[in-house]
Structures are given as structure tokens and as C-alpha cells.
Amino acid sequence: MSPTAVEITPAVIPAAVPFKGAALAIGSLSTAQDGKYQALISDLESSRPVERQMLDRLVDGATSLKASTYASAHVILTQSEYISLLPNISFLLSQLLAGLAPLGTLNLHNLSALDDLSPLTSALTLSGFTLLNTASSTIIAQKPAHSAAGPLRLLNRKKTDPAKKKALWALSSYAPSTPSIDPDALLTDADKARPVPTCEPVNPSTPRRKRACKNCTCGLAELEAEELRHSKVVLLDGKVDGSAVEVNQGKEQERLIQAAKAAPKATSSCGNCFLGDAFRCASCPYLGLPAFKPGEKVEIDFGMDDI
């Protein structure tokens with residue numbers, strides 16, 4: 001029996017549809033009713049798996065997205081819904097940025113009815129997206145690619161030779177051609193003299209210091225003494241019907257000094273001279289002194305704070 005030739009026809013294998021990463025489709029009740037949300041899902045499901053979410057659940061925080069999961073996210077809303085979303089769009093964009101994989105894209109559809117797209121593009125930029133396309137009907141933005149964190153080796157500090165470090169900061173020169181200089185020879189007698197503390201002459205037209213310093217040389221001490229001699233203070237009688245008397249401050253100081261010196265030998269016929277101004281009469285020679293005991297030395301403050 002002679003062999004029979006058999007013709008084998010190879011089977012035709014259909015070309016595989018290119019596979020893309022998982023997509024996230026976000027819509028609303030309005031776009032679901034007019035069929036645009038379903039049309040978007042049908043177009044995406046032909047080439048990739050699609051996860052469906054409603055806008056209100058994401059904005060209200062009722063659901064959350066898995067981190068770095070989606071290759072693309074698609075949002076389709078009506079014109080009024082885009083406008084009402086603007087106050088809360090930063091929260092939605094932060095969720096989408098976290099849910100997208102590195103270099104993943106965010107697509108905002110159905111924007112042809114909006115007159116101004118700048119609020120949306122500004123919000124995308126502030127949220128960390130990179131704008132790829134800002135057509136009249138669709139905005140496409142991309143999540144930046146971030147490199148994975150890795151360990152970084154820190155180099156140890158190089159050890160320095162103490163001798164080299166000391167030579168670096170040495171003030172003397174080891175070059176034989178450079179002559180050495182005696183630092184004391186650079187100073188004059190005026191430089192070595194102890195400075196006498198002085199201050200500038202007092203200027204009456206400028207705000208002056210609170211009080212003259214010790215060993216004043218600018219004339220402020222003399223000016224204060226002159227003002228003290230001519231200044232006046234008011235003595236108030238502590239009684240209910242007491243009066244006020246204006247006296248010269250310098251003379252009043254002298255009177256108090258003399259009264260304080262005479263206080264250890266003081267005698268009082270009424271017994272109130274030792275008790276203080278509240279009990280003394282108007283003609284008491286010890287008026288203005290603090291209360292003291294008979295024979296006790298009286299010390300007063302010349303700052304006139306109690307006058």
C-alpha cells in the first residue's frame with residue numbers, strides 16, 4: 001500500500017489583546033443615569049480590569065483606596081458636580097495620588113462644558129500631579145515616579161594627624177627666609193597705657209541716661225546735683241484734713257539729715273515724735289523721718305523716695 005500524503009493546516013491563534021494595569025472608574029448618580037459612566041466602564045474593561053467607585057463614598061470617607069494599586073484612574077462627572085467638588089477636591093486628589101502606582105495617570109473626563117479649567121489644573125499641581133494634557137474635554141495628569149528607599153552608607157570621618165593639625169594653626173613660619181617679628185614691638189606707649197573710662201559730654205537735647213555713673217566725667221553728675229538743688233517736692237500731711245506743702249528738695253534733704261543726726265538725743269513732751277508722721281504734729285522737727293526708738297540712730301535714704 002503506497003503512502004498517502006496528508007496536508008496539515010496549522011491552527012490560527014488569535015492575537016492577544018494587550019493587557020494594561022488595573023483601572024479605577026469613579027462616577028456619580030448623574031453620569032450613571034445618562035449612561036456616560038457605563039460607557040466609560042465598557043471601554044476600559046475591553047483591555048484591563050476595572051474597579052468601580054462612586055464619588056460620594058470617596059469624598060465622605062466611607063471607603064478608601066489601596067495604596068499604589070491602579071495604573072490609571074478615570075473620573076467622569078457632570079459640569080455642576082465638578083464645580084461643587086472644588087472645595088473638597090484636594091481630599092479626593094490626595095486619595096487618588098496614594099492609590100495610583102508610580103507613573104500612573106489620572107483622567108478627568110466630560111469637561112467640555114466647563115469654561116475655566118484653571119481651578120482643576122491648579123488643584124492637580126498642588127496635590128503633586130504632573131499635567132500631561134489639558135484638552136478642552138479631558139485633563140490627564142500623572143503621578144511622579146519615586147525611587148524606592150534604600151540604605152545609605154555613611155563614611156567614617158578621616159583621622160587627622162595631630163602634628164599636621166598643630167602645624168596648620170601655628171603662627172610661626174618655618175621658612176628660614178622669613179624674619180620673625182616681636183609682637184610687643186608693634187605696640188606704642190599709647191597702646192600700652194591703661195584707658196581712662198570717660199563718656200561723651202552730656203547733650204541736653206538728647207535722651208540722657210537714668211543716672212550718672214560713678215566718677216562721672218561728662219558733667220551729668222553736676223547737672224543732676226544742680227537739678228536736685230532747684231527741684232521741688234510736695235509733702236503730704238497724712239491726716240484727714242491734712243494739707244500739701246511744696247518745698248525745695250535740696251533744703252528738705254538737709255533738714256532731714258540734721259533731724260536724723262539729732263534723733264538719738266531727741267526728747268518728746270507729747271510722746272508722738274518717735275511714732276512716725278501719722279502721729280506727729282505739723283511743727284514736729286522730726287517730720288519726715290521714719291519711726292524710731294529713743295536713743296536709736298536713724299538712717300534715711302537720700303533717694304527721696306519717701307518724700
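Note that Cβ sites are derived from N, Cα and C of the backbone, with glycine treated the same way.
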Q.
Need one residue: from CYS199, CYS270, the one TrEMBL lists with CYS213, CYS216, CYS218 for [2Fe-2S] cluster.
A. CYS199
Q: From the ranges 21-24, 129-132, 281-284, pick the one that TrEMBL records as motif 'Cx2C motif 2'.
A: 281-284
(Q) Need one number: mean pLDDT over the region 'Fe-S binding site B' (270-284). (A) 73
Q: Determine the most Cβ-crowded residue among the binding-site residues CYS213, CYS273, CYS284, using a 10 Å radius around each Cβ and all protein chains in the structure.
A: CYS273
Q: Work through the binding-site residues one by one (CYS270, CYS273, CYS281, CYS284) and name whichever has its CA nearest to the CA of CYS218 ([2Fe-2S] cluster binding site).
A: CYS284
Q. Rounded to a whole number, how many Å is the Cα of CYS216 ([2Fe-2S] cluster binding site) away from the Cα of CYS284 ([4Fe-4S] cluster binding site)?
A. 38
